[in-house]
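Sharing a structure below in structure tokens format, with a few things to ask.
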């Protein structure tokens, strides 16, 4: 060390003085920037302790965070409790909430720039905000208490906006968010529901491949699992004995391993087509499915029912869910929210527990539309030229002039102006059940948390028309249940709904929906097991045949059932 220091000193003294001064200046600036950034981060850190006195709150409310940071909110007054929920949600997830509402309303380019204009156009064209406006109008006619508690939540969010330091993302982007409102919340629910639709990931690709590879059976790439031994949520009760998979089980070999295709040009075409259709996926969160299972009292060590839920939502930072324990008056819930939404989608309390997985029913389709060659606002429907509905939208763009767009809407739904890469053909419209029926999503989620009996919960879920969900249920009295929630479309004739349909003929149109009373369900099955894994809900909808959907492979469901039904493992506990 004694030799090193003089050597370093001599080397430093040999450097020209202006270079030495420059290096010292750079070092000091780097340290200063680092200190200032650390101070900025500290200043932006949300308040996690202390006492607030807020005008307008009529009752005290406590927020205690456990070792995982989960807020436990308690107040005798619902207004105070939901105000606190809004405040802590904004404290933890404000920028996520901001992006959620902007994505749902097609307003990303206003703060993120022109690069997001195509995304905003797409999100405007699928009418998420307009659908949310209609849903909100319908909600305002139903239960005023729901909107009262929603407004209390929004008051808490906006109080945080007004009084606290905003997250650093807003400093970087250089803007302050507007107050949140009811429409922001409803739009986010619309976006979540839209992202569940498997048709977005399948139907256009199916059509592209079918036309690109006319000598192939494209259905092999989109298996409905009809070749499997039947296994459904409803029918495989109460005495199914699962068979183990063997080496002789039928599987689909990868195309590249089939000799007749190993040197085929069609394979490179296929790869190109798949690459070109990835745009469908990149706009959406990764929602790959979910599991849930319920066991009855006879299979548990406590003599009570047990429910488990395993939503397969893609990893993110921050995560999709926001975990909250809330108690107000005689209501309590511990569950998982969207950060922008005050009522839990999955939760439990002392009376019951409920869980959600994706039903995977087909409630979205694409239609090829024939527009008039000289009058582009006329579309052919059942042999006649009829006018499309015209909607105008203005998209604000950061640093640029607004973009004005026109949306054409047929009887099926909005026409998508963004070309589907790899697809050649007439313009395409989007049919989505949300555009065509009343969707009491807000009321259903709220009421699931308040229902006090199995019968009451059955009535509540019967009202929800979309999105398609498996709702599993267990209560303190030992009842267990499952409902397939949503609507199955009725068509004029049997149709392959996994590809783009003919919009001009009317032969492939939806003409109605199967009533909820005929949806598959299970209530207290004798064997005491209910499981859902996005697989086939039932072999047959009475009078309508096998339901249409994007059912997942049954291997998850079979394995769960195999474990739950083994006598040597049970009874179960948590």
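Placed from the backbone N, Cα and C atoms, the Cβ positions cover glycine too.
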With TrEMBL as the source, which of 21-43, 44-66 is set down as transmembrane segment?
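Checked against TrEMBL: transmembrane segment maps to 21-43.
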What's the most sparsely packed of the binding-site residues 362, 365, counting other C-beta atoms within 10 A?
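Least crowded of the binding-site residues 362, 365, by Cβ count within 10 Å, is 362.
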Report, in whole Å, the straight Cα-to-Cα distance of residue 290 (active site, nucleophile) from residue 362 (Ca(2+) binding site).
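With distance taken Cα to Cα, residue 290 (active site, nucleophile) is 17 Å from residue 362 (Ca(2+) binding site).
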In whole Å, how far does the CA atom of residue 290 (active site, nucleophile) lie from that of residue 365 (Ca(2+) binding site)?
23
According to DSSP, which kind of secondary structure is residue 362 (Ca(2+) binding site) found in, if we only use helix, strand and coil?
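Once the DSSP labels are grouped into three classes, residue 362 (Ca(2+) binding site) ends up as coil.
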